[in-house]
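Read through the structure below, which is laid out as structure tokens, and then see the notes.
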């Protein structure tokens, strides 16, 4: 980090923390009592603060990572400041832990951007800093910095895990991966992604070696093959690589810490008879393939300032004209998946405090044909998603898409919080956008944050059968 860039980034970190503290104060004053899922998380954390580690609320579905970290942070502060009474492990103090994770996420995003884009032009310091700042204010993640949810901590440990992978510290990465799983079990997918990037790197090397020996003039692995022959060639090479004892041994010598984490997680699933630790009836897995389409649409909206441009739209139209049969086939498959594999969770239809409730009600429930009419938009969003990542190798892209499928498709509930980590991974691996585009992205995120926090604080309502104040949120 250059000296000036370091000063600028430090100043931005301090400003970000100050503004977040002011917003935190306002949110906490308006909503002092636990709200939504906090009614489960806060009492459980308070039990841990009191040393009652053997008590567990059966409605909680995640492992106790958030509560353990909270106790580990708060107890030393309580001892140093000699605090007593209700303030110890209060709702506000527990929420404040997520503000600390917010600072950590900003720093980790900056380090990841520097590492992932190290080969780009040297005069990109302002773009790196602004990109990290913009991503740290990603609306769905930023909102939950002010409530006692698992999202901030879960994201922190996944980003930290991936950063250690990029630096080659695989034992530390695996240990941090365990911490991420303790926050949310589905994070095992992103631990597997970290291991997958190592496999992809080895496959890139083997692919280049093979092509050099053959003196082949075919496209390099950085270009995703769209032809049938290209896909067949990649598939055969992948099968040959994964069945080669030599290659498997080379990968295991590097990736064995992740294999241990995967084995430990498999043992947990077998002993627990499933991934969920609490209320399983509301968290049943299914093949909800349209979740992938929702994610592509979600990603297109939030990356609009940095991913969409005239030339990309033009390339899409050219691809549509050049390969109409391929796009017709994709449309037919998408319609089939929407028709046969759309699942609607009872929470999505019943809980009018969440934004997805209104998205579903005002878009998908307008007419039964709407979900099919959106297929062309899904295809464009998916094409834009893949085209943005075309600079990455085909094997890296396959690893990422495999993890993306595992992270989205089994989810029955349409919940934007589930899209946080895959979106950040997508956005971090995009080529660094220009300063004007990053500025527009930051303005968009700031506007959405201002609107959602204002709505949460000011636009309250009541249910007919309850006197409790209800608020709108992600």
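Placement of Cβ uses the backbone N, Cα and C atoms for every residue, glycine included.
Automatic, uncurated: that is what TrEMBL annotation is.
Straight from TrEMBL, the features:
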type     : residues : note
TRANSMEM : 6-25     : transmembrane segment
TRANSMEM : 60-79    : transmembrane segment
TRANSMEM : 99-118   : transmembrane segment
TRANSMEM : 130-150  : transmembrane segment
TRANSMEM : 156-183  : transmembrane segment
TRANSMEM : 250-271  : transmembrane segment
TRANSMEM : 291-313  : transmembrane segment
TRANSMEM : 325-349  : transmembrane segment
TRANSMEM : 369-386  : transmembrane segment
TRANSMEM : 393-414  : transmembrane segment
TRANSMEM : 434-457  : transmembrane segment
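Contact counts against the transmembrane segment (434-457), taken as Cβ pairs under 8 Å, peak for 130-150 among the stretches 6-25, 60-79, 130-150, 291-313, 369-386. Of the candidate ranges 130-150, 291-313, 325-349, 369-386, 130-150 contributes the most Cβ pairs within a distance under 8 Å of the transmembrane segment (6-25). The stretch in 99-118, 325-349, 369-386, 393-414 that contributes the largest number of Cβ pairs under 8 Å to the transmembrane segment (291-313) is 369-386.
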